[in-house]
Amino acid sequence: MVSMVSGFFAVFAELLLPGLAVLCRDWPVLQAVATLPLLLLLSYWCCASVFPESPRWLIATSQISQAKKCLQSFSARNGMCVSDELYPAETLLSEIDEVFPEDIQPEYHHVVELRHTRVIWKNCLILGFTLFIGTGIQYCFTRNLHIYSPHFYFSYFLRVLTGALACVFLCVSVDRFGRRGMLLLAAIVTGLSSLLLLALTQYLHGGLVLVLSVVGLLSSQALAMLSVFFGSEVMPTVVRGGTLGLIMAAGCVGMAASSLMELQNNGGYFLHHVIFASFAVLSVLCIMLLPESKHKPLPDSLKDGERQRRPPLFLSHISQDNPPLLRMQPQSSEYNRDSYSRLVTATKKMLTKDALPYKISISPQAPLLSSNGIAPDANEDSS
């Protein structure tokens, strides 16, 4: 949800940009007005209290002392107490001390280490490819909008509004149908819209061309947004910043391709459309190789990222003609701390009791051998 809120901020900034352009009336002035607020980001680097470091990344890279300080500052600001004298073993800081030794050294990771992985670099490559398609193919749809209105503002505001609708659509659908499924749907709709416009533009009615352009623009922006959001969940914590940088760099290359087409006055537009339509169809096959991150913990280490596997394409259903003899109920693997503590307490009470709640009666039976080592029957015979 936080990622989607940041997407709304980006849409709001694009809506304000034409107004700033009207007020500034000069390109250098507009460039200065858009760039100077970025100097506020220096406060994030200078003042750690304004924008603190991620405790999850600090713990994943074994920077335990800094993670403790960060968590203590969070608790002090929120008015919460992280230490409890009655139950010190159940506090967060004591659990960190139990897991990590005192002399542990920090372990830093770089993007170069992805060459030793198999799953992580594949996911990063696929998501960068989908973001490249989602940003680069938008020009194929916005070009058709100039036919209905020669003004720049029509296509610009329509693109921004479809971006807002795509963000709302992701907020509603992604948490219900999954990230992988919605990314696959966005890629399919984008590919079909681009292929139909590429092959049948001169045979279709003008209103249908407009509808296909708007739908393709909506799905391509959803594809771009969801690629970044999906990458933030699939990539491990230790290299999440670097891998997200690579994914977003691929998206910038796609935007640059659209800008180059506008600078060349639509020269080579047909080749541009053919390439990105083919890439959109190819991305459908690539997305099937991605794992699903819905309701799953974020991977922290490289090993956690390598354990991610894609879900099966077809779910196996039990045949109704040959049902199993015994239908086994899957046991829940959720860990409940309260029930476990009650079980431990009850077990300790049972082990510390002196008398059992019931007695086991054993019928008296004569010993097989007497004290002298001779059976009782043998004594009777000898007598």
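Start at 1 and count along the chain as shown; that gives each residue its number.
Heads up, the Cβ atoms here are built off N, Cα and C, so glycines get one too.
Within the same chain, residues 56, 59-60, 109, 113, 117-120, 123, 233-239, 291 sit at least 6 positions outside the compositional bias 'Basic and acidic residues' (298-309) and bring their C-beta atoms closer than 8 Å to a C-beta of that stretch. What TrEMBL records for 298-309 is compositional bias 'Basic and acidic residues'.
According to TrEMBL, the region 'Disordered' annotation covers 298-338.
Note on the transmembrane segment (31-51): residues 17, 20, 24, 73 of its chain, located 6 or more positions outside it, place their CB under 8 angstroms from a CB of the stretch. Among the features that TrEMBL reports, transmembrane segment is placed at 31-51 (among others).
Under the heading transmembrane segment, TrEMBL lists 124-141 (among others).
Per TrEMBL, transmembrane segment is recorded for 153-174 (among others).
Here the transmembrane segment (181-201) has Cβ contacts under 8 Å with residues 130, 133-134, 137, 140-141, 144, 170, 173-174, 209, 212-213, 215-216, 219-220, 222-223, 226-227, 230, 273-274, 276-277, 280-281, 283-284, 287-288, 290, 292 of the same chain, all six or more residues outside its ends. Here TrEMBL flags 181-201 (among others) as transmembrane segment.
Under the heading transmembrane segment, TrEMBL lists 207-230 (among others).
As annotated by TrEMBL, transmembrane segment applies to 237-257 (among others). Same-chain neighbours of the transmembrane segment (237-257): 54, 56-57, 60-61, 107, 109-111, 113-114, 120, 124, 127-129, 131-137, 139, 224, 227-228, 231, 272, 298-302, counting only residues six or more beyond its ends whose CB sits under 8 Å from a CB of the stretch.
Through the fold, the transmembrane segment (269-290) approaches residues 122-123, 126-127, 129-130, 132-133, 136-137, 139-140, 143, 180, 183-184, 187-188, 190-191, 194-195, 197-198, 230, 234, 257, 261, 310, 313 of its own chain, all at least 6 residues removed from its boundaries and within a Cβ separation under 8 Å. Positions annotated as transmembrane segment by TrEMBL: 269-290 (among others).
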Revision key, fill the gap. Contact set of the transmembrane segment (153-174) with the rest of its chain, CB cutoff 8 A exclusive, min separation 6+ beyond the ends, reads 1, 4, 7-8, 10-11, 14-15, 18, 138, 142, 145-146, 182, 214, 217-219, 221-222, 225-226, 229
